[in-house]
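Each remark here refers to the structure printed beneath this line.
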Amino acid sequence: MSGTRPINCIIPPYILDKLLDSENSEVRQAALDTMLLTARLRGERAIRSSFTGAAAPGDGRRTVFDCEQEEFLRNAVLARPEDGPESTDPAVNRAFDALGLTRDFYKEVFQRNSVDGQGMRLDGYVHFGFKVNNAFWDGRQMLFGDGDGQEFSNLTGSLEVISHELTHGVTDHTSGFVYHNQSGALNESMSDVFGSLVKQWSLKQRAEEADWLIGADVWTPGIGGDALRSMKDPGRAYNNPQFGKDPQPDRMSRFIHLPDTKRGDFGGVHFNSGIPNKAFYLTAVRIGGFAWEAAGTIWYEALKASSAEDQFQDFATTTFQKAGELFGAGGPEQAAVLSAWQEVEVPIRGVPTGVARIRSFAANGSGGAGREDGLAALARQIGTLNDKVTQLAKDVAELKGTR
Amino acid sequence: MKVALESYGGLAAAAGLRRPPKVLDTTALPAAAAAELARLLAAAAATPPEEPDGRARDAMSYTVTAQDGDRVTVLEQSDAAMTPAFADLLTWLRKHHAQQ
Ligand SMILES: [Zn+2]
């Protein structure tokens, strides 16, 4: 028998039993959708954790290297180790400080020990290539170009760009969102969300005070007031003759379909990330206060509970479930999550559209309190079913273990 | 010979779709520079590209298209998996276009 199949195969009879229990067709559908989702998540997570490699020691020790405008990491020169003195090169120090802030953010806010949760060392390479207009994560380390001074200035000049890249590592080690189409756009969005949160956290900004921009300090240095992306206003980050207008959509009806190729940005992962980005922004401002506290925790827990192929609707549903688990079903946090996804036109599985609409009004401060009990009850039912599926998945795993 | 450099993908992939290719014509170059470019192109074409492991995020990709009469050479590599020969060619082209 294959190692992965039993969990997925054993669920349907149980679901059928439960479906027969409920008299309400919407609850039956909610249960079905949620249980299918949850069962898949648990299965994926269990499988992935069994493949986890050896821990990389070091508590996120930083090392910054200087590529001296070449592309070859093996030729790069050590510029600043964790315990070393400040460099005379500001790019080295900016990268060093931003890696530290990102590491400290994950540690203090989410009790996560570095990128992999196991203290993985953080290596950053500055001055990558000749005037390279890019910063990227190569699967193990971060690389920062100097920019050409027109499209970008030195890429180490933006804290949220650095924490964006590092968060790609976090996503690789959690959900592993596949870097194509919707799951790829979720991957991109996670990097923008936590990238922006690192900046807000470092400045102790409340959600309503933050600019919610990505790369404002490094994008088109000759043009003021613009940014690479806006989480608050996707599609309005920049507008200039050279690069045109920011093409990011802010809702599903504006979703951009691009080919799943390098030239098509793997199905527009840097385009459609605008949709989940906006959902996070709306959630954060509707909850209010520090975005990394409630909204950030909901998103982080949802990221850890997600699986690689998840689509927008899957992730939206997971955030809704996590908001209920963490802050109470039917509470203001869960209502904020629901209304945010509703506004970007991503439905939550198992929540009838009518309920979502009423709750949106409630979250927007236009009433609807009378329906709160209905949603709370529905959310509780979904939560109970989830717990049972989780227990079942555990039982199956134990059964497999005893063979 | 006409040599075009296209850059796409990367952190700014959404803006990058509008980046026009950067084109040069070797007939407009000093003889020594044209010979150097031809040498770099030949070296890059002779070196098989590295296979990316698929783990890179926000890496930029580059396509160099050289058209010499009927002969067209197309080379494509990315930030995260680049041969030294392609990197040398890319750097030469970037420096050339930066001076323009
Ligand atoms: Zn990214």
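Note that Cβ sites are derived from N, Cα and C of the backbone, with glycine treated the same way.
Curation plays no part in TrEMBL annotations; they are all automatic predictions.
Here the structure is a predicted model, which means the values were calculated and not measured.
Among the features that TrEMBL reports, active site is placed at A:E165. Under the heading active site, proton donor, TrEMBL lists A:H270. Residues or ranges marked as domain 'Peptidase M4' by TrEMBL: A:98-172. The domain 'Peptidase M4 C-terminal' feature in TrEMBL is assigned to A:175-346.
Residue counts for the domain 'Peptidase M4' (A:98-172) under DSSP, helix first, then strand, then coil, are 30 helix, 12 strand, 33 coil.
All chains included, 28 other C-beta atoms sit within 10 angstroms of the C-beta of A:H270 (active site, proton donor). When Cβ atoms from all protein chains are considered, those within 10 Å of A:E165 (active site) total 27, not counting its own. The secondary structure of A:H270 (active site, proton donor), as reduced to three states from DSSP, is helical. For A:H270 (active site, proton donor) paired with A:E165 (active site), the C-alpha to C-alpha distance reads 13 Å.
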